[in-house]
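Engineer: Provided herewith is a single structure, encoded as structure tokens, for subsequent inquiry.
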Amino acid sequence: MRQKSLNVLEFDKIKALIENETISDLGKEKVVDMAPATDFNTVEFQMNETDEISQIYNKHRMPSLSGLAKISTYIHRAKIGGVLSVSELNVIKRLIQIQNQYKTFYNNLLNEEETINYPILNDRMEQLPVLSDLYQSIHQKCDTYDLYDNASYELQGIRSKISSTNQRIKQNLDKIVKSQANQKKLSDAIVTVRNERNVIPVKAEYRQDFNGIVHDQSASGQTLYIEPSSIVEMSNQISRLKNDEAIERERILSALTVEVAEEADACLISESIMGQIDFLTAKARYASSIKGTKPQFTKDRTVYLPKAFHPLLDKQTVVANTIEFAQDIETVIITGPNTGGKTVTLKTLGLIIVMAQSGILIPTLDGSQLSIFENVYCDIGDEQSIEQSLSTFSSHMKNIVEILQDTTKNSLILFDELGAGTDPSEGAALAMSILDHVHEIGSLVMATTHYPELKAYSYNREGVMNASVEFDVNTLSPTYKLLMGVPGRSNAFDISKKLGLNMKVIQKAKSMIGQDEQEINEMIASLESNSKRVDEQRIELDYLLREAQDTHDALAKQYEQYQNHEKQLMNEAKEKANQRVKSATKEADDILKELRELRDQKGADVKEHELIDKKKQLDDQYEAKSLKQNVQKKKWDEINAGDEVKVLTYGQKGEVLELIDNNEAVVQMGIIKMKLPLEDLEKTKKTKSEPTKMIKRENRQSIKMELDLRGYRYDEAMVAVDQYLDQAVLSNYEQVYIIHGKGTGALQKGVQNHLKRHKSVASYRNGMPSEGGFGVTVVEIK
């Protein structure tokens with residue numbers, strides 16, 4: 001899309017606001033590269049992608065992306081045989097940790113809300129690679145700044161020797177500096193370091209009393225820094241051990257780097273996906289700040305923006321307006337007073353289209369509709385912008401020439417004060433001719449003007465609509481409200497009257513302009529009133545229609561769930577019946593086997609065909625029980641309304657409410673009322689009702705990543721924290737959030753003091769602004 005137009009519309013400021021919401025350089029780079037797309041499928045995909053994350057962001061606390069950083073340079077170095085440092089490996093480890101936490105969060109989300117559907121995010125979560133082995137390798141060997149002592153058996157042995165040797169050196173030196181005989185010979189009773197060797201400060205005149213190596217002297221030469229001979233060999237041993245340590249450290253880091261290289265492609269996939277999520281989350285945060293909504297994109301030429309406002313203006317004072325190109329309308333001409341909001345309307349339309357085609361939720365009410373534009377062209381003087389000064393007629397015309405050369409049918413053109421800066425009669429004629437030319441091309445146009453000739457232009461051309469910005473004659477100021485379909489009218493007489501001009505002067509002036517023009521002004525005033533009323537009614541109707549559609553969707557969903565539940569009950573009943581039949585058949589086979597054994601042992605006169613007949617009788621009986629309706633072969637007592645019965649298909653008890661045609665009965669089973677055949681019912685004796693037992697259902701799903709303590713007393717909160725942290729440890733969480741609110745700060749202080757002493761807590765900190773600030777404590781689990 002034309003960069004000049006993006007600059008005029010100040011799209012760079014929108015990008016800067018979104019960039020401020022990102023966490024990582026990965027997200028920032030994607031914001032910098034963000035530009036409006038022009039392919040329908042791409043635009044729709046980008047918007048759906050942002051909308052999915054926005055829905056989640058507005059309803060849930062999302063996992064922190066803090067610490068997410070670029071790893072591509074590290075991966076490249078690993079692939080070409082370089083060795084990564086501990087800090088670089090920890091950056092890769094943090095990426096894996098973030099992706100795992102996000103995947104856990106998403107899986108918990110699916111468990112909580114079985115009916116949610118986030119297809120794009122779901123695809124991304126499925127693409128996330130499994131990097132558990134690499135994570136564990138780094139986690140077990142790398143501390144924050146160095147390798148753990150137990151990163152390898154050899155490293156542990158070397159560091160143990162270094163530690164014990166240092167201890168011996170310390171004991172030896174302490175003995176020397178604390179010796180009473182040496183107190184007057186030392187400049188100071190301390191041990192210091194020179195050239196990476198432990199030394200003691202000896203007065204120069206006592207040099208001969210100390211055997212050792214002089215490593216340095218003071219500026220005055222009165223103090224010599226001597227390494228006593230008793231520790232020289234031990235210090236040499238330390239040097240050798242440190243060299244061994246460096247070699248072993250390099251070996252471990254090389255091995256870890258090889259593991260990274262083996263997972264290079266997977267790590268880059270993870271980086272790309274989590275960078276995209278950072279980018280989308282930033283767009284979601286920005287959308288939340290402007291209450292952005294998702295537009296519907298259409299392949300027909302459509303622009304409908306209900307209650308749209310400019311996102312860079314003060315949200316407390318900005319006036320929202322409905323901007324629309326009605327059916328078959330290709331040109332909208334806006335008239336009205338200076339500083340009345342005409343230019344802001346143009347920029348609002350252009351900026352919203354650019355935002356939408358960049359996958360950013362737009363500042364309108366729900367229900368907006370947009371087509372996709374190949375380009376947005378602007379000729380806006382920008383006298384209201386700090387960046388530019390008033391353009392001359394020549395510069396305007398040069399810009400218009402470029403626009404007319406490049407524009408297409410699928411373009412949007414925004415003209416501000418078309419034809420201004422020259423003789424009014426020539427300017428008006430030129431403006432109408434330009435609009436005619438653009439109409440022939442087929443571009444959509446919104447233009448502002450002061451020329452009264454252009455008010456009549458729409459009545460002589462098809463596809464052209466007037467609009468105006470409202471002026472309040474009572475306050476003598478613009479209201480910044482846009483009136484679609486209503487041309488601007490002169491307010492000179494009303495303003496003059498309000499300011500106290502003599503009525504005779506006003507009446508004489510009215511007589512000079514002619515009756516027709518007075519009637520036109522009165523007609524326009526009537527149109528303004530009607531337009532405002534219709535606009536309000538339309539918004540109300542749109543709201544009611546959306547509400548009705550939401551209700552319909554909810555009912556359809558509930559009906560589908562009911563049908564699925566009923567089907568599940570039937571399947572469970574059939575399965576239970578089949579299991580009973582299987583058990584009965586096995587029992588029959590066992591009985592026949594015993595009968596045959598008994599016959600063989602006793603020599604009983606039982607023929608094989610008799611046994612087979614008996615088996616057949618059993619088979620007949622069990623087959624009857626396995627039928628869909630579980631038909632009974634026996635004749636049961638007569639069933640009447642009010643009887644308590646057992647429903648054989650479901651194995652549940654119920655009460656007969658009424659009989660239907662002696663073949664069916666209406667039975668109440670708990671909250672379910674069903675019509676069933678009599679042959680599926682077995683009459684039972686009425687039992688005394690027992691007290692209802694409460695069954696506690698254990699929640700086996702993973703716990704949430706946050707604990708909300710708001711409203712808890714101190715003692716209750718501490719118990720809840722202990723229980724929650726135990727569950728978090730069992731769930732393998734590494735980071736959780738404890739919400740205590742700000743209030744007086746007493747609960748926050750109590751929680752953090754408690755965390756200090758908790759065995760499962762590695763560290764804790766106050767939440768960042770994006771995490772809830774001082775109202776949240778972020779806990780790192782050991």
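Every residue gets a Cβ built from N, Cα and C, even glycine.
Here the structure is a predicted model, which means the values were calculated and not measured.
Straight out of Swiss-Prot:
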- Gly336, Pro337, Asn338, Thr339, Gly340, Gly341, Lys342, Thr343: ATP binding site (BINDING)
- 707-782: domain 'Smr' (DOMAIN)
Engineer: Over the span of the domain 'Smr' (707-782), how high is the average pLDDT in this prediction?
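Structural biologist: Value for the domain 'Smr' (707-782), mean pLDDT as a whole number: 85.
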Engineer: Which number gives the other C-beta atoms within 10 angstroms of the C-beta of Gly336 (ATP binding site), all protein chains shown included?
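Structural biologist: Excluding its own Cβ, Gly336 (ATP binding site) sees 27 Cβ atoms within 10 Å.
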Engineer: Helix, strand or coil for Gly340 (ATP binding site)? Use DSSP.
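Structural biologist: Going by the DSSP assignment, Gly340 (ATP binding site) belongs to neither helix nor strand, so it counts as coil.
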Engineer: For the domain 'Smr' (707-782), DSSP counts of helix, strand and coil?
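Structural biologist: Its residues divide into 35 helix, 19 strand, 22 coil.
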Engineer: If you draw a 10 Å sphere on the Cβ of Gly340 (ATP binding site), how many other Cβ atoms land inside?
Structural biologist: 23
Engineer: Neighbour count, 10 Å Cβ-Cβ cut-off, for Lys342 (ATP binding site): what number do you get?
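Structural biologist: Excluding its own Cβ, the number within 10 Å is 26.
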Engineer: Let's check the environment of Thr343 (ATP binding site): how many other CB atoms sit within 10 Å of its CB?
Structural biologist: 21
Engineer: CB neighbours of Gly341 (ATP binding site) within 10 A?
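Structural biologist: Neighbour count, Cβ to Cβ under the 10 Å cut-off: 24.
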